[in-house]
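Q: Below is a structure I'd like to ask you about.
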Amino acid sequence: MVDYHANNQSSTGGAQMYMEPENDWDRDLLLDPAWEKQQRKTFTAWCNSHLRKSGTQIENIEEDFRDGLKLMLLLETIAGERLPKPERGKMRVHKINNVNKALDFIAGKGVKLVSIGAEEIVDGNAKMTLGMIWTIILRFAIQDISVEETSAKEGLLLWCQRKTAPYKNVNVQNFHISWKDGLAFNALIHRHRPDLIDYDSLRKDDPVTNLNNAFEVAEKHLDIPKMLDAEDIVNTARPDEKAIMTYVSSFYHAFSGAQKAETAANRICKVLAVNQENEQMMEDYEKLASELLEWIRRTVPWLENRTQEKTVNDMQAKQEDFRDYRCVHKPPKVQEKCQLEISFNTLQTKLRLSNRPAFMPSEGRMVSDINGAWHTLEGAEKGYEEWILSEIRRLERLEHLAEKFHQKAAIHESWTDGKEAMLTQKDYETSTLSEVKALLRKHEAFESDLAAHQDRVEQIAAIAQELNELDYYDSAKVNARCQKICDQWDTLGAFTQSRKESLERTEKQLESIDELYLEYAKRAAPFNNWMEGAMEDLQDMFIVHNIEEIQGLITAHEQFKSTLAEANKEREAIQAIQAEVQKIAQSNGIKLSGANPYTTITPESIDGKWEKAMAMVPLRDTALQGELNKQNSNDTLRAKFATQANTVGAYIQAKMEEIGRISIEMNGTLEDQLTNLREYQKTIMSYMPEINTLEGYHQLIQEALIFDNQYTSYTMEHLRVGWEQLLTTIARTINEVENQILTRDAKGITQEQLHEYRASFNHFDKDHSGALMAEEFKACLISLGYDVENEKQGESEFARIMSIVDPNSSGAVTFQAFIDFMSRETTDTDTADQVIASFKILAADKTFITAEELRRELPPDQAEYCIARMAPYTGADAAPGALDYMSFSTALYGESDL
């Protein structure tokens, strides 16, 4: 609906300008009975439409105003002001005084009364009385009408023309003939209330029906009393202009009130729409913050779980899960965290621009809380990765020790097999002296062998102890086997001692002994033990992590090979002893009874073990060389990773420094800056393949179990954090420019003003930190003309400004806060008082409003929004269902605790 409402600003000059043409008012026209009848009826109805508000009315316009009482009451009602106290006497002088008080009040409103005196009104002069009422109508009902720089009669006529222009058969050019057919009255009603008039059913040739329809609808639905009869207008060649103007002015005031209500409703709708949008952003922030914190809450315990696995494969599976978390699950959460900060900053900017209080998230959901939780997550993440690598090393060590334990245990158990039976047999009881002596020497050789095996048993026990200390998962089985070996070893020791004692008891009876056999046994046993130890060392597994360690093993192996020549001489010497035995026996015709009685080690077994050991040497050479090649390959992989890492690290550092310079030295319009920043962001994102290449090298390094890199100081974790910081910094810089655009558009700030603010800010930002310290900010304000010098008043003003730009008392002022303050100083926004005034119009000047009025004046969703949030009105004049719109309005701007 088009709104042509008036400004309602009265002035004495305006009244005089309009009233001067009326000075020539032809009172003789009242002698026309038709016009006098129309004016009497119209003016009487107009007066009664106001007097009924005070509970009274008039019947005869010239008689009922004679005592001046109802005239004074009429003026008080339409002007909303108190007149001097009337005189209640019945004498003529009392009546004249009352009428004079009324006329003085009219004159005091800037109305020039011509030839109208109190005596004529008291005497019931119809012409003077009608002229006085017409003057009142002009002043209080028509004068203040203003449409497009026209006022009073011309303004009312222009308003009628604008409102009826779209309607057929209606052409309003005056306030007499143009209204005779009644279509203009119906068009005015239909334009504002189409639900009350079926305009298309009206006919121009039926003016009486048209007029009656308009007058009856206006009286019934618009509270406009019927001021004329249709026949009075139709049966008059030229209807009275003053009567028609009076009647039409009632329509103007009825509909201009609706237009004010519509304007007020529009203002409220605008304010509520902003509030609803802000609340939705708050809900979205709370939801996203809750989801992100919940994800962190679930993830941190997983990262802090230090449950040990039994095997290297199990721990490598955990390592793969962690790699999946870093590359798949975490990156979207990094984006969500960045988006959350951007949304929070945008919301705070919108709240500041709409003069709303700052948004305080629920407890535990502040941006600082999320950053703290994120810091905890990254701390747990770093500790978890270090723990995985440490566990893999520990399990590798455990598996190596366990295999070494079982290998040595198997060799020992193989050696002890049958020894108990040998030591417990009593063959010496039926042997000859020489045989007993042989048994005794054999036993001495066994003791030598037993002593040689003591080191192996101690090694087995030491390995078992280390496995227990390292919490090996199968320690019970290891301990049981170790205990069995130790118990058996104690038993062998006891049996050995018992047999020795038995042989020594019979030694006095046994004398003949073969020294050569004994010498052979004594030398063969250590040599045999040495060969077994050598073969054990040649088969020993090894695990290394760098070139230096494998080169150390190769050096040790070369040293071992250098001793083989001396060992071979010892083998030949032992074999020479056996050859000497054979020679002596053959020379002396001695028939040997069989094998060497002092040892089970035969020359054949020594040669067999020697050949086996010699065959193991080249195999050991091959294994060590293969490991050397592997470590060389790992070193190459280290170099590739280091080259890529050094390149990526330098790129990230350079881009971070560039962004710092860009944020300080940005030129051009904000839109150009935003476009350049987004292009810069695309350039940075195009570097992502280099990051992925580095991730690929990092994965190969982890799969190769490489734990150190002397070629670079960068770690993958360090570069990941740097890359994430780079992406977050450019996103924040873009958001800052977007918020500046939002501030500029909302506050009407020009591009030149923004450049000026930026230049002032950068001038005092000496360290290019993007924020001004308190003293720097004070100097900036002084340069802009603010009186914040060091005297008491200046300090107070500076403290007030700091409370606005730095509400958290951090001691620093960001550029965004600086722009918000400067825009607030130079622009205006909606206030709580304006919203209260709008609600008061909708409530018809009441101090409360009802749900019915809200639903009638506002759109459904915003009406229900208000009803749900307004507190009940508890004032003395409260009606059933009354709502308190004042506390609701102040709450919208943070000025109450509602």
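Even glycines carry a Cβ here, placed using N, Cα and C.
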Q: State the residue range annotated as coiled coil by TrEMBL; the candidates are 271-298, 523-550, 635-662.
A: 271-298
Q: Which of these ranges is annotated coiled coil in TrEMBL: 340-370, 557-587, 712-742?
A: 557-587
Q: Quick check on the annotations: TrEMBL lists coiled coil for one of 121-155, 436-470. Which range is it?
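A: My reading of TrEMBL: the coiled coil range is 436-470.
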Q: Checking distant contacts: for the coiled coil (271-298), what same-chain residues at least six beyond its ends satisfy Cβ-Cβ under 8 A?
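A: Non-local partners: 333, 336-337, 339-340, 343-344, 346-347, 350-351, 354, 356, 359, 361-362, 364-365, 369-370, 373-374, 376-377, 830, 835, 858, 862, 865-866, 892.
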